[in-house]
Structure formats: C-alpha cells, structure tokens
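Structure record follows, encoded as structure tokens.
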Amino acid sequence: MTDRIVLAYSGGLDTSVAIGWIAEATGAEVIAVAVDVGQGGESLETIRQRALDCGAVEAYVADARDEFAAEYCMPALKANALYMDAYPLVSALSRPVIVKHLVAAARQFGATTVSHGCTGKGNDQVRFEVGIQTLGPDLKCIAPVRDLALTRDKAIAYAEDKNLPIVTTKKNPFSIDQNVWGRAVETGFLEDIWNGPTKDVYDYTASPEFPPVADEVVITFKEGIPVALDGNPVTPLQAIQQLNHRAGAQGIGRIDIVEDRLVGIKSREIYEAPGAMALIAAHKELENVTVEREQARFKKTVGQRWTELVYDGQWFSPLKRSLDTFIEDTQQYVSGDIRMELHGGRATVTGRRSDSSLYDFNLATYDTGDAFDQSSARGFIDIFGLAAKVASERDERVAVAK
Ligand code: ARG
C-alpha cells in the first residue's frame, strides 16, 4: 500500500503547494486536514475543495471552534495565562487542538506520517511535533518548509507552474496566525524593533485613539468560566466572539512585545486579543474577591508555570495535567458578576458581586459596624516582625564588635 501523510492545511499558498511537493518528494499520498479554530476567512467547504484540486487524495475538515473555546481557551482563562506577563498564548493554544485532529485523521486514513507548514525557527514546529509524538508515538513528522527545502519563492513558482487554484501575486508582508482567542503578526518591517506598528497591522481592533462612547458590560462567571454577558447566556465561544467585537471596537488588547522563543531567539510580535484580554482582566478581579489569599498567591506561580509549559508545546505533558487539577480546584468559588467599562483601549473593572465573595464589608469598613478587633493587631505585629528584629539586633551587635 502507498504510504499516506496527513498535512495540516490552511488553504493558503504554502500548504497548497506542500500537497504536491510532499507527494513528489516522498511518493506518499497526501491527506489535507483543515481545522477551524475561529480564524475567519474562507469556508471549510472552499478549503476542502481547494485541497482536492491541489492533489490531496482526501480532505478532512473540522469545525473545532466550540471545542477550542471550551477546552483550550477556558483553561487559559482560568490560569490567567499571559506569557511574559503580556501574550495570551493565542497560537500556542491552537496547536494542541489541531494536533488532536491531525492524529485523528491519521488514524482514520491509515497515515504513518504527519506534516505541517512551520519553519525551523519558531515555536510552532515544536508544539506540533511534541504534541504528535505524545498522542501518536508511532507517527513520524515531516515539515516541507524545514525538511524539503520548500521556500516561498519556490512555492510561488510551483503554484504558477502547476496552475494551482491559489492567488500567488498579492504578497502579504506579514506572517499572520489568528483564531478566536486572538491574532499574531510578525516579520516584515516589524523585524526592526524600533519601527512602530502601522495601521494595516491590525484587524481585530480599531484604533483606541478616537474611541466610540464607553461600553459597559457585565460578565457573569460560573466556576471561572463566562456564562452570561449583560444577563444573556453565552457559550465560551460566544463570550469570546462578542467581547472580541465590543472590546475590539474600543481598541482593547493590542500588544507589542519582544518575546523569548523556545528555540532561543528573541522575536518581535504584535498581538491583538480584545476578548481574551477583557476576559482575563475580569476573571482576575473576580478571583481577587473569591479566592483565599494564600491560595491566590500560590496560584499565580502555578499559572505562570502552566503558561510557560503551554508556550513551550507541553500541552499534553503530565506536569501540565497536574497543574490543571490545581487550577481547576481554585475555581470552585470563582462565580459572580464583574462590571467593566470598555473604553479607549482599556477594560476597567468598576464593580463586582458574588454569592461566594470573601469580601466582608464589616471587616473592611472604617465606619460604624466595624467588626475587626483592632486591639489584636499590636500583638500580631510584634510577633510577625520578631524574626527580622532579632536578626537586625544581631547585625548591630556584630558590627560593633568588629
Ligand atoms: N510567537 C507566537 C508564538 O510562538 C506566535 C507565532 C504565530 N505565528 C505567526 N506566523 N505569526 O506563539
């Protein structure tokens, strides 16, 4: 039987060319796999047909938007996942769900090898291949851009030569990856890190400079997950989509950072994640109200480690799974409403209420009704500062003796 290779297919120039390129280089049959994670653009049916027209023997398409939102974006929200305190893991989150479908397609069509269009310099090759190795230890990986010398110029020449049904003329200066959680833009003039981003870099967000009137939203959470917006029930996907729209209109969630890639390169990246950034800000504040102090402090460390693991392509790793269990446990009481004002590039919390709140008005108030026994504070402070005080006295004693 002829060997079969499943290819992560986007419908764009590079992966369209990759179908024939891989077939010619390896003699294998190519099965195209297209996964909708909310990147927008062409319909799955259009992409499916193009894959077949470009020589794929089969095309597997999956609408994974709800799955992606519920099983990948929501855990990131619970972790308040921001890599280097800034990047909400947009691309890093989509790779594992694509990997799941690649492995499922490989099984369905009896393929021995999985292929993707990543270069040899980025994080995504690692995320794909570590994921594939974990879910399908028997599967091999091949990346035509990295392993079969498929350069951009060769891709354009090949597409024109073979008359592939794909536009090759309009050369986008940027490398873009997008899904419902956000959008990542790199390369081109952005590689000079002194260059400011121009207007054409952005798509999910309007400029925050001249915003429309402020937009007030109430986000209802249940155990760490948004379940309603302004009282209207939403699925995780709908919550993200609707907030992308509303926060995007206010220019919220634009990020411009130099980032540490897993492969050791520092790279400049522009992100837009209006819905994700608004949701994370709201979720964090609801945690402030409902999570006990020591649990909250420790969760911050756990969340950061979780974020690094996911960035580094370790989604299916045992440590990531263990940290999930901890994070999940902390979300038990993260239920209630957060009121936010979306305006001019900022998502600002203006109110919070929760049946599982730890905020005690009578403990916090400086007015009548104060239930906090201030006389206990003195003794607490004496003992709390005792160790440092003893050490300080020792420092002085030793210094004098010298
Ligand atoms: N640097 C980001 C990451 O590693 C985004 C990479 C997305 N790819 C792109 N072509 N912009 O998660």
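Glycine residues also receive a Cβ, built from the backbone N, Cα and C atoms like all the rest.
According to TrEMBL, the ATP binding site annotation covers Ala8, Tyr9, Ser10, Gly11, Gly12, Leu13, Asp14, Thr15, Ser16, Gly117. The Cβ of Ser16 (ATP binding site) lies under 8 Å from the Cβ of Tyr9, Arg50, Ala51, Cys54, Ala159, Leu164, Ile166, each on the same chain and at least six residues away in sequence.
What TrEMBL lists as L-citrulline binding site is Tyr87, Asn123, Arg127, Ser175, Glu259, Tyr271. Secondary structure at Arg127 (L-citrulline binding site), as computed by DSSP, is helix.
Listed in sequence order, Ser91, Arg95, His116, Cys118, Asp177 are the same-chain residues six or more apart from Asp124 (L-aspartate binding site) with CB atoms under 8 A from its CB. According to TrEMBL, the L-aspartate binding site annotation covers Thr119, Asn123, Asp124.
Here TrEMBL flags 4-165 as domain 'Arginosuccinate synthase-like N-terminal'.
Across all of the domain 'Arginosuccinate synthase C-terminal' (174-390), the predicted model scores a mean pLDDT of 97. Look at TrEMBL and you will find 174-390 tagged as domain 'Arginosuccinate synthase C-terminal'.
DSSP assigns Ser10 (ATP binding site) to coil in the three-state reduction, placing it in neither a helix nor a strand.
With respect to Gly12 (ATP binding site), the closest of these binding-site residues in Cα terms is Ser175, chosen from Thr119, Asn123, Ser175, Glu259, Tyr271. Among the binding-site residues listed (Ala8, Ser10, Asp14, Tyr87, Thr119, Tyr271), none has a CB atom closer than 6 Å to any atom of ligand 1.
Around the Cβ of Ser175 (L-citrulline binding site), the same chain contributes Val185, Glu186, Thr187, Gly188, each under 8 angstroms and 6 or more positions distant in sequence.
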